[in-house]
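Per TrEMBL, the feature Mn(2+) binding site maps to H110, H112, E117, H156. The annotation oxalate binding site is assigned in TrEMBL to H112, E117. Residues annotated as disulfide bond in TrEMBL: C33-C48. The domain 'Cupin type-1' annotation in TrEMBL covers 62-210. What TrEMBL lists as signal peptide is 1-24.
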Amino acid sequence: MALSKSHAVSIALLAFFVCAVVSSDPDPLQDFCIGDLNVVPGINGFPCRNSSAVTVDDFIYSGIVNSSNTTNINRSGAIFGTVLRFPGLNTLGLSIARLDFLPEGIIPPHTHPRASEMVYVEEGTVYAAIVTADNRLFARVMNRGEVMVIPRGLIHWQMNVGRTNAKIIATLNSQLPGIQFIARSMFGSRPEVPDEVLEKTFFLDERGINQVRSNFV
């Protein structure tokens, strides 16, 4: 049976909507678009700077040359190269990070809501893990030269299990992937998550909640 004109239009609009939802970042329409960070970004990134003012330095990022600060409770640190620090990434759907670990250091469980990730162990021995939406744990010790892929939005972490410092280089398929640490979000948010929620979720009493919260002040 032939479709009516209204049905055909509805199907076409639905197909367009589905394609728009499942597609990744749109392809750039020019060779490059160095972001103008002085302007409020739109849905696809920052407006382009005048191409005549672009130099080779706009395509190079030196922010991960030196190690990050690891003098904290987690004995680890991270330096991110997102579009906010590296405007050359604008519209490219890419970012990079350097993770440094002292012995026993950990990047605590977290997610990247807008990106999948690939981590490369450049130095040391690291226990890396992913937890899926159906609560399956995929984890193993990774050695120098190995790579792990982390699907978008899944909880994951890395922990140094060696006797020396460790270093990871991570790449993500978003110029602004975002990061949300599980513990910090629940115990360090402002305003605070109600105690009753934390008690029922983590089976902690008031004293335990306050003790955990003290780490995120």
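Yeah, the Cβs are placed from backbone N, Cα and C, and that goes for glycine too.
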| task | Would you mind reading off the Cα separation of H110 (Mn(2+) binding site) from C48 (disulfide bond), to the nearest angstrom? | result | 32
| said: If I take every residue in the domain 'Cupin type-1' (62-210) and average their pLDDT values, what number comes out? | reply: 97
| Are there residues of the same chain, six or more positions away from C33 (disulfide bond), whose CB falls under 8 angstroms from its CB, and which are they? | G45, F46, C48, N90, T91
| note | Same-chain residues at least 6 apart in sequence with Cβ under 8 Å of the Cβ of H112 (Mn(2+) binding site), in sequence order, are I150, R152, G153, L172, S174, P177, G178, I179, Q180
| Of these binding-site residues, H110, E117, H156, which scores lowest on Cβ atoms within 10 Å? | H110
| query | If you draw a 10 Å sphere on the Cβ of C48 (disulfide bond), how many other Cβ atoms land inside? | reply | 19
| Remaining residues near the recorded Mn(2+) site, that is with C-beta within 8 Å of the centroid of the site residues H110, H112, E117, H156 | T111, A115, I150, L154, I155, I179
| query | In the domain 'Cupin type-1' (62-210), how many residues does DSSP put in helix, strand and coil? | reply | 22 helix, 57 strand, 70 coil
